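Taken straight from Swiss-Prot:
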type     : residues : note
COMPBIAS : 293-302  : compositional bias 'Basic and acidic residues'
COMPBIAS : 319-331  : compositional bias 'Basic and acidic residues'
DOMAIN   : 34-96    : domain 'BTB'
MOD_RES  : Ser76    : phosphoserine
MOD_RES  : Ser184   : phosphoserine
MOD_RES  : Ser197   : phosphoserine
MOD_RES  : Ser256   : phosphoserine
MOD_RES  : Thr282   : phosphothreonine
MOD_RES  : Ser628   : phosphoserine
REGION   : 200-300  : region 'Interaction with RUNX1T1'
REGION   : 215-236  : region 'Disordered'
REGION   : 249-332  : region 'Disordered'
ZN_FING  : 404-426  : zinc finger
ZN_FING  : 432-454  : zinc finger
ZN_FING  : 461-483  : zinc finger
ZN_FING  : 490-512  : zinc finger
ZN_FING  : 518-540  : zinc finger
ZN_FING  : 546-568  : zinc finger
ZN_FING  : 574-596  : zinc finger
ZN_FING  : 602-624  : zinc finger
ZN_FING  : 630-652  : zinc finger
Amino acid sequence: MDLTKMGMIQLQNPSHPTGLLCKANQMRLAGTLCDVVIMVDSQEFHAHRTVLACTSKMFEILFHRNSQHYTLDFLSPKTFQQILEYAYTATLQAKAEDLDDLLYAAEILEIEYLEEQCLKMLETIQASDDNDTEATMADGGAEEEEDRKARYLKNIFISKHSSEESGYASVAGQSLPGPMVDQSPSVSTSFGLSAMSPTKAAVDSLMTIGQSLLQGTLQPPAGPEEPTLAGGGRHPGVAEVKTEMMQVDEVPSQDSPGAAESSISGGMGDKVEERGKEGPGTPTRSSVITSARELHYGREESAEQVPPPAEAGQAPTGRPEHPAPPPEKHLGIYSVLPNHKADAVLSMPSSVTSGLHVQPALAVSMDFSTYGGLLPQGFIQRELFSKLGELAVGMKSESRTIGEQCSVCGVELPDNEAVEQHRKLHSGMKTYGCELCGKRFLDSLRLRMHLLAHSAGAKAFVCDQCGAQFSKEDALETHRQTHTGTDMAVFCLLCGKRFQAQSALQQHMEVHAGVRSYICSECNRTFPSHTALKRHLRSHTGDHPYECEFCGSCFRDESTLKSHKRIHTGEKPYECNGCGKKFSLKHQLETHYRVHTGEKPFECKLCHQRSRDYSAMIKHLRTHNGASPYQCTICTEYCPSLSSMQKHMKGHKPEEIPPDWRIEKTYLYLCYV
């Protein structure tokens, strides 16, 4: 046999990836060839930088420093242990309450697939908890009728935003016989919304509620074309509407194969099969954060109300017998097929609208196909939801009179100003960007926690009182002197700010806690700190008459206030001609241009490393044992700001200061612009 005439021969070992990971994990557990040490809360984890860099984009960036020790302060040792298991075994075991921490860690470390899995699991858990809560409410039967109406209409009102994104499920000329498959299964279901047409879900729910008001109970929808979930038989007073709307999160039952077959009717079988393989759509960031928050809140509030789960095969009193749900939630992804109807003609009987006091504009038959595409997409939905919104707001004001409530997640806040600040979290507007890697975050706290990953470095010595890190032991001993004697300093563990007195730290902590105990004598507005109140008082003196309604800062002229407010509103009028990136302030755009030109006008005097902007240079100086940007040329003491250096120089005697001394000589950096 002539081997030279044979083509290329391919040899493949299908078990190689699994065996490679398994061997790497064994070496990690044995401490063999580990070349990096990750410290989390004084606990060391030995690992291989290649494995971590392949798993996490953030580790890949950090490991370019060729350091052996890194410190992570934004997660717990338990969470990082789970991250390690995931990196070395491609699996991890976690409880439901750990998903929130895993999601946050995966986002910062940029482990994309783990982040997606946590998002989907949080959505699934939230949907399951919503069904459990509704069933508990049906068993108790002690809830007020007005509260129940407000809750359902609130869900309808919340779906307004999702409806504008999903669009019509059925438009003119596409009224197919039989069920249709909605094309937007990624619409958030964290509030009990289905993947069906949002308008139909709203009208069906409203009609059911109206019938309950007229007849005293909710009747299940009649007709052979309305599919219901397996495991029905819930109390018809509350659970029926929820059951119908949550079909998108349920796996089709083996007892009802017709439901699965109907999902591929109408000539759309291939698309449905592909979507079934992909699993449910990835939810939006705002919905999953809300889901995680509601997951914790809901368990705390209903801990005393939820009865213990029934054993398998035993049905609770008053319900048909059906298998009990699994006791724990696992990191599995459901492959579900949305199979809801979306009829073209939606009608609302006048009897229902009269019972609910709905305006006459809703008590008509609405045939979308008659408009022939003349109206803008989403116009009818917006008009309908504006009416439902007025009704929901009216009912909410009657049932809740204490404080203000977020219309998205339902959390109660002390005043309207706090609600407006809170709503920014739901908008998903990430206005805080990292200057080192470009990643953006919802608030400054998450950005500061992310920056710790950049500034970790090789710092093995940690202060046990404030958490400050140093690369040399003598630097740590020098730092510890600040915690002793009359000059003892205290630090905020949340933001790292330093204070000379415990009372000042306590006042500062009230800002993090959201306590507002300082009241303006002129306008009775409340503020979280004395400093914020003093800043606000400038608006009454006339020196700084222009006040920011978001944070209370005052300015001398309107143009400065306008520039400042862009930080809160997210407006970015300055756009880069090269890459299209937008900025709130003009000087930010000018600094950004240096990315394209390669200009680095700031130079470190200690190691001659150059940076594009001042803030990056300040961050770099901290890598030199935490050096502040200004150093006295007489006593070599460091100062954190130019004003503090000026105050420090006043403490020196005039004869100690050289005749050619200038303040610029205290700078630890050079600026060539």
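The backbone N, Cα and C atoms fix where each Cβ goes, and this holds for glycine too.
Ser76 (phosphoserine) and Ser628 (phosphoserine) have their C-alpha atoms 29 Å apart, to the nearest angstrom. Within the zinc finger (602-624), the DSSP-based counts of helix, strand and coil residues read 8 helix, 5 strand, 10 coil. All chains included, 17 other C-beta atoms sit within 10 angstroms of the C-beta of Ser628 (phosphoserine). DSSP assigns Ser628 (phosphoserine) to coil in the three-state reduction, outside any helix or strand. Around the Cβ of Ser76 (phosphoserine), the number of neighbouring Cβ atoms within 10 Å comes to 15. Summarising model confidence by region, the zinc finger (546-568) averages a pLDDT of 77. With DSSP classes pooled into helix, strand and coil, the tally for the domain 'BTB' (34-96) is 30 helix, 13 strand, 20 coil.
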